[in-house]
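One structure is given below, encoded as structure tokens.
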């Protein structure tokens, strides 16, 4: 599972290729961290760490392509969706939830759920319908309606990593941070559910019951995943409270158990056909507030540092891995119209999502808690597309018949690269222009 070497060749050759492949990956990771540190030190926000990692992956991948590197080494760089979903994503989501200030998150929970569920649904449908109409009007390559909705679902998955790192660095408003973070994490789960449901609908094309099936399936997934996550979190809290593990000589056991629980939660949800992302997010929030305080002081320090370390590695590796794969994959660049209009439609769909949901939220909120227009604009702008959209697009290559998945994959690749480099690079400028940058470098925002 995950990164697999080439099938052919002698074991010695394969081992050597594996060594070279892993060495290259470690070198790129080291380079990314050093470059990220230098850029941060000089307060150069136009190239965030994620963008730098993606560029390093693209450049090295391009060079490997030109130099005709051995296939056995290349095999170590193929982006495997399973590896991403099962190994790279859990630590990133757990660390995000673990370091989250619960107060701004839960005080904005209604708004977050509105943006993540209703908003993502609006964005997916608007994108899907516009792409379908664009195809009917011969502006772009025409896809069947359900496949347009699949594309709408996968491209509505926003990526929090790049934008949030800049938000933290500049110290933005806590409510805005909580909104952007909550929306992007729950939105990923919604996008995956929508994509998978549309995929089922495509295989068993039936009648209007599909619409209700989508909604029922999503609610079942969301509530089930949240319950699984909270349940695992409380089991861990009870264990650490009553098992008497907080004595010095049991520190190792305590830390091992604490690190295993989040993975248990993620895999439990995935094994039950639910959403691992939602599950691990709620496990993180519960464990931070109930289990963490029952650890010994040394263990608290260790688990905080450990999750921070492992999520930094996973984030950076994801972007390098993605950049390398983009440079190595076969793309069908013959449909540039599809890419151009998709970008246009996504911008429109994101606006429909953010401004309509903000209007609904403001209808029920008291005046002093309304979401101001500048926050809405920041939310609209920060809808970056990243690794989640890329992983789902890779899946669509297998899911959709000859050529169509490839077109979706190429369009998604172009959108991911443009949004990470352009939007990621200009987020700092945008925040300053909207005057949502505060000097709140306090505990609220620290990850």
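Heads up, residue numbers simply count up from 1 along the chain you see.
In case you wondered, yes, glycine gets a Cβ from its N, Cα and C as well.
With a threshold of 8 Å between CB atoms, the same-chain residues lying at least 6 positions outside the transmembrane segment (20-39) that come near it are 3, 5, 47-49, 52-53, 56-57, 60, 73, 75-77, 312-313, 316-317, 319-321, 324. Per TrEMBL, the feature transmembrane segment maps to 20-39 (among others).
Here TrEMBL flags 33-432 as domain 'Cation/H+ exchanger transmembrane'.
Sequence-remote contacts of a segment are chain residues at least 6 beyond its ends whose Cβ falls under 8 Å from one of its Cβ atoms, and for the transmembrane segment (45-63) they are 24, 28, 31-32, 35-36, 39, 77, 161-162, 165-166, 169-170, 315-316, 319-328, 386, 417, 420-421, 424-429. What TrEMBL records for 45-63 (among others) is transmembrane segment.
Look at TrEMBL and you will find 83-102 (among others) tagged as transmembrane segment.
If you look up TrEMBL, you'll see 108-131 (among others) marked as transmembrane segment.
Positions annotated as transmembrane segment by TrEMBL: 138-156 (among others). When Cβ-Cβ distances below 8 Å are used as the criterion, the transmembrane segment (138-156) is approached by residues 120, 123-129, 131-132, 187, 190-191, 194-195, 198-199, 201-202, 205, 335, 337-338, 340-342, 346, 349, 353, 385, 389, 392-393, 396, 399-400, 404, 407-408, 411-412, 415 of the same chain, each at least six residues removed from its ends.
Feature annotation from TrEMBL assigns transmembrane segment to 176-195 (among others).
Under the heading transmembrane segment, TrEMBL lists 216-243 (among others).
TrEMBL lists 263-286 (among others) with the feature transmembrane segment. Using a Cβ-Cβ cut-off under 8 Å and counting only residues 6 or more beyond its ends in the same chain, the transmembrane segment (263-286) has close neighbours at 85-86, 89-90, 93-98, 100, 102, 105, 185-186, 188-189, 192-193, 221-222, 224-226, 228-230, 232-234, 236-237.
Taken from TrEMBL, the feature transmembrane segment applies to 306-324 (among others).
Within the chain carrying the transmembrane segment (336-358), a Cβ under 8 angstroms from the stretch's Cβ atoms is held by residues 111, 114-115, 118-120, 122-124, 126-127, 130-131, 134, 139-141, 151-152, 155-156, 371, 376, 379-380, 383, 385, 407, 410-411, 414-415, 418, all 6 or more beyond its ends. TrEMBL lists 336-358 (among others) with the feature transmembrane segment.
As annotated by TrEMBL, transmembrane segment applies to 407-425 (among others).
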